[in-house]
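Below is one structure; the comments refer to it alone.
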Amino acid sequence: MSFSPVQSDNIAIATIRALAADVVTKANSGHPGAPMGMAPAAHVLFSRFVNANPKNSKWFNRDRFVLSNGHACALQYVLLHLLGYKLSMDDLKAFRQLDSLTPGHPEAGHTDGILLNRIERKVFLNDNFRSGVEVTTGPLGQGFGNGVGLAMAQAHLAATFNKDGFDLINNYTYVFCGDGCLMEGVASEAASLAGHLQLGNLIVVYDDNHISIDGDTNVAFTENVDQRFQSYGWQVLVVNNGDTDLAEIYNAITQAKSEKNKPTIIRLKTTIGYGSKQQGTHGVHGSPLKADDIQALKTKFGLPADQSFYVPQETYDAYAQIVKRGASLESEWNSLLSSYSQKYPKEHAELSRRIAGELPADWEKNLPVYKPTDAAVASRKLSEIALTAITPVLPELFGGSADLTGSNLTKVKGTVDFQPPSTGLGNYAGTYIRFGVREHGMGAIANGIAAYGGIIPFVATFLNFVSYAAGATRLSALSGHQVIWVATHDSIGLGEDGPTHQPVETAIHLRATPNLAFWRPADGNETSAAYYSAITSKKTPSVLSLSRQNLINLEGSTVEKALKGGYVLHEEQNEDLTIVSTGSEVPIAVEAAAKLKAEGIKTRVVSLPCWLTFDQQPEHYRLSVLRSGAPILSLELSHHEQYGLTGWGASGPYQKVYEKFGITGSNIAVVGKKVVDFYKQKGGPVVSPLIKAF
């Protein structure tokens with residue numbers, strides 16, 4: 001099939017360029033250059049290739065489009081307008097004024113949720129308009145990783161549910177990225193894995209305009225991108241004239257789609273800010289165009305120079321046809337799905353359940369429950385036991401480890417690896433992912449998998465190395481992606497690996513992240529509670545912080561109590577002290593309480609496995625757990641305001657390391673007595689260089 005550009009194509013591209021300039025100028029903030037340069041590629045992609053229905057942004061088999069380069073967000077919002085809903089002139093002028101709703105970088109859910117349901121203005125108040133923003137990218141390179149995750153999810157679900165004659169799940173993932181995205185290491189990690197996985201459903205368009213924030217990329221980025229991606233196992237195509245040669249762009253995308261065993265990157269040579277007086281320069285990258293420049297631009301492209309946000313009727317009409325095509329494609333797919341339900345009712349029911357985000361009935365009954373008489377086990381092993389119990393009833397669990405499978409204990413016996421069938425290592429229907437040593441890429445990929453739908457992704461590494469993926473975990477929380485991190489070796493209790501591996505600061509960082517549930521279970525019941533919470537929290541990512549050393553099963557712990565995020569593990573009336581602790585330090589707190597009681601100091605013990613969950617409980621409950629009337633001593637192997645560490649950890653057997661830093665029942669009893677004595681003498685909270693409590 002050949003491509004024959006028509007006059008309406010050129011008019012639409014000119015309109016996109018002018019709208020991108022107007023949007024940034026109206027907001028007095030943004031990046032006009034990349035959208036103006038990428039306008040031809042965006043138009044060709046959306047008018048000839050992308051299968052999506054703007055009237056239903058949640059159609060499951062839609063093609064996914066990711067704008068990895070946040071600097072081009074104006075392009076995405078202009079396309080949304082053209083594809084979704086014909087606004088009046090006044091409405092379109094307000095488009096980029098609504099800063100919190102049409103943000104400076106693409107944010108998933110804004111136009112679908114907030115824009116449709118919370119605004120009392122006229123703008124976009126049409127139930128038929130949908131967002132088309134698949135993921136929140138923001139920091140450069142994140143969208144690239146998201147794209148790999150979206151492609152992996154498609155490959156996995158296609159292998160799981162497609163049948164002969166029923167190619168139900170066959171969408172492509174398209175990613176637009178720039179020089180900055182490819183400079184970021186997260187993109188390298190994700191690209192390397194994508195090449196290994198032979199993801200032929202992934203097509204990346206690289207905007208090679210030689211400009212970044214610091215100026216010409218020759219100051220810092222002179223690598224051979226083509227050879228780099230060829231070494232990753234990608235198909236590399238080059239479009240030499242991305243400014244005007246629509247046929248060359250079309251042919252490259254067509255060739256990319258014909259390659260089924262490799263992801264494709266199309267290096268698209270463009271001129272940043274094409275058409276403006278500053279085209280090809282750094283000046284058009286991140287600043288609004290001047291008024292005279294915009295007028296000259298519109299005159300050059302045959303648009304009214306005196307009108308802002310002008311869209312020719314011809315362009316509206318052309319994009320209306322794209323919308324009709326998308327609606328027709330979804331209708332055809334729905335018919336295919338209906339036929340599938342007749343021939344494969346069991347598979348149809350399972351796919352429908354997963355698309356709806358519903359969990360199997362009574363799945364939670366498979367979670368282990370423990371008694372105090374059960375053997376002491378490391379919480380990483382308790383995690384493995386939980387995964388082993390629930391994986392058979394939760395086929396949507398899809399994930400793996402960053403080359404630490406034997407340490408994270410995340411591979412359930414009998415599961416198959418997610419691998420290209422040609423490797424002989426597994427198949428695409430496999431549910432266990434070998435991420436390799438790529439923590440940041442793993443996190444960004446998991447966000448894409450979660451965004452695809454029908455899957456609950458889990459990823460694993462040492463807790464210390466979740467820090468490597470901080471950018472991705474932050475976006476999980478910001479975007480509401482249900483990603484489960486299995487983070488083992490969570491304290492100085494990991495022992496001989498030493499302070500380079502001991503995450504004394506990581507817990508506080510993660511707890512400070514809004515909408516991220518950091519669970520640090522103290523025993524088996526709390527571990528089961530952590531998994532229950534993580535699997536049922538559809539809009540909140542979770543980090544399960546797990547020990548390497550064995551933990552006893554505690555008297556007084558239950559799954560139900562732990563699900564409140566914090567509870568009284570050992571109660572005393574008219575107490576002299578309450579010790580609040582988490583994870584592997586809770587048994588130490590219990591030991592200390594027993595020693596204190598022997599000295600006549602009545603001590604309550606509170607286990608607080610998840611601060612976020614505890615904060616969501618009713619106030620009266622929280623006040624009953626952390627009640628006033630006696631001092632409260634916080635105990636945890638972290639570096640913050642509590643009794644814990646004053647610096648880094650140390651290498652050695654974990655028992656010796658605990659002793660070195662005074663984290664023993666005997667020493668905590670001594671500290672607790674000092675807290676009580678100080679409180680009785682001063683009648684107030686305790687703050688001293690030695691003892692930090694609240």
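Even glycines carry a Cβ here, placed using N, Cα and C.
Owing to the predicted nature of the structure, the values given are computational and were not obtained by experimental measurement.
Residues or ranges marked as site 'Important for catalytic activity' by TrEMBL: H31 (among others).
The substrate binding site annotation in TrEMBL covers H31, H285, R380, S407, H489, D497, H501, R548.
Taken from TrEMBL, the feature Mg(2+) binding site applies to D179, N209, I211.
Under the heading site 'Important for catalytic activity', TrEMBL lists H285 (among others). Within 10 Å of the C-beta of H285 (substrate binding site) we count 20 further C-beta atoms, all protein chains included.
According to TrEMBL, the feature domain 'Transketolase-like pyrimidine-binding' maps to 377-554.
Here TrEMBL flags E439 as active site, proton donor.
Taking only the Cα positions, the spacing between S407 (substrate binding site) and H31 (site 'Important for catalytic activity') is 45 angstrom. It is 14 Å from the Cα atom of H31 (site 'Important for catalytic activity') to that of D179 (Mg(2+) binding site).
Sparsest Cβ environment among the recorded positions H31, R380, H489, H501, R548 (other Cβ atoms counted within 10 Å): H501. Note on D497 (substrate binding site): other Cβ atoms within 10 Å of its Cβ, all shown chains, come to 15. Local packing around the binding-site residues N209, S407 was summarised as the count of other Cβ atoms within 10 Å of each Cβ; on this measure the leading residue is N209. A simple Cβ count within 10 Å picks out one of the recorded positions D179, E439 as the most packed, and that one is E439. For H501 (substrate binding site), the nearest neighbour among the listed recorded positions (D179, N209, I211, E439), judged by C-alpha distance, is E439.
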